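Over in TrEMBL, the protein carries these features:
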- D6: active site, proton acceptor (ACT_SITE)
- E177: active site, proton donor (ACT_SITE)
- 291-449: domain 'F5/8 type C' (DOMAIN)
Amino acid sequence: MPGGADPWVIEKNGTYYYTYTQGSKLVILETKNMSSLASARRHEVWTPPSGQPYSKNLWAPELHEIDGKWYFYFAADDGANANHRMYVLENASPTPVEGNWLIKGKISDPSNQWAIDGTVLEHGGQMYMLWSGGNAGAPPQHIYIAKMSNPWTISGEKVIISSPAYDWEKKGNPINEGPQVLINPQGRVFVVYSGSGYWVDGYCLGLLTLKENGNPMNPSDWTKKDQPVFSMRAESGAYGPGHNGFFKSPDGKEDWIIYHARTRAGGGDGNGRNPRIQRFTWNVDGSPNFGAPANIAIPQNRPSGEKWRYIYPKTKWAIAAFSSEETVNSRLASRLIDNNTATFWIARYSSDPTDYPGHWVTVDMGEGSGVDGFIINQKEGDRKIKELQLLISNDNNSWENLGVFTLNNIDLLKQYIDLPQRKQFRYFRLAPKSGYDAQRQPGLAEVSAFRFKD
């Protein structure tokens, strides 16, 4: 799955929107199947302007849909960690990958202290903000809660509902962070949080429970479990599991947790945090049962209700036309549809080279077909495509523009481009618009088309 810390996912109308800490920008990955997240379509939706108090070190972004609008909560600073505060963006579009994200501003309680990892609880007709805070980022870090008057405003004083109290919350530093709201099928409210420093193997998940009919603003109405509910499991390749989110399977029958962990013991370069997903259940008392981190070497069952992709055979496919191809070493357009990712197309560069953005290849599928999306494989090495326009046609004359899609910069990665709705067509055109390096002639290994089947 895509590398990165602090994973978060939300589902809307059968599509999952995933985000995580990028540091310099806000990114959303869009997919129909969470089991295919590694191949999800990528959207770079917002980059902060320079010179602002929120221009750097964007951490722990979360997407929420509230009253018909989308809100992006994140922490950021001006380059100095002591200045980390929480901020919120708003988008009135139907989905979070459309339209424009507008900064609503800083979201803070009157104390305006260091704050990260903001999330939202809606309970009893009242909105609350929960976050992790401390003194200019110095330990200890606590979990705070405060009432909100709207999605971008904290309207009252904060109270602490959790502080590091047990040894398992104090490894590296005494820290409680990453609060996540979880509501069970009976409506009981829990907050799952991360304990200890994220850089230690002992980073883990703790659990707070709000008593029935309790007041979220009353600290005594919250109880803390004295042991972690999810922690390191060396034999599974899961060190420092924490900072999680939750989602339902497509059919709504299963509950899943998404979290980050390291594959090997210790932090450091080459051992970054990566996201994982696994199913969880509920105990008899209504509390969540996360079990132990799943072994990364053992395949899991996919979330129930996921549709599988029927990939169209290419026996009738042909290249109808192309802007150019590199005949030296057979970097031909036909390599795009030969079912071999070891071969690839490159636009002509050895003589009379063509240049961005004038590249394209048209594929004839041989007959009209109902298509739900495309599978794109980047070539190895250089010339990877960053922005790819897709167009479709039934007569190879009149074209419908499906949009410009951002690809991932990963060798041979199978990337799914899910269309918003099924399209019927015979021809499609690939039109690279930009690349990831200075080369002006793109290359691509393979393209396929699919439809969803239950």
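Keep in mind that glycine also has a Cβ here, set from the backbone N, Cα and C atoms.
Residue pair the residue listed as 'active site, proton acceptor' / E177 (active site, proton donor) shows a Cα separation of 11 Å. Cβ neighbour count for D6 (active site, proton acceptor) (all protein chains, 10 Å cutoff from its Cβ): 28. Its own atom aside, the Cβ of the residue listed as 'active site, proton donor' has 26 Cβ atoms within 10 angstroms in the protein chains shown. In the predicted structure, the domain 'F5/8 type C' (291-449) carries a mean pLDDT of 94.
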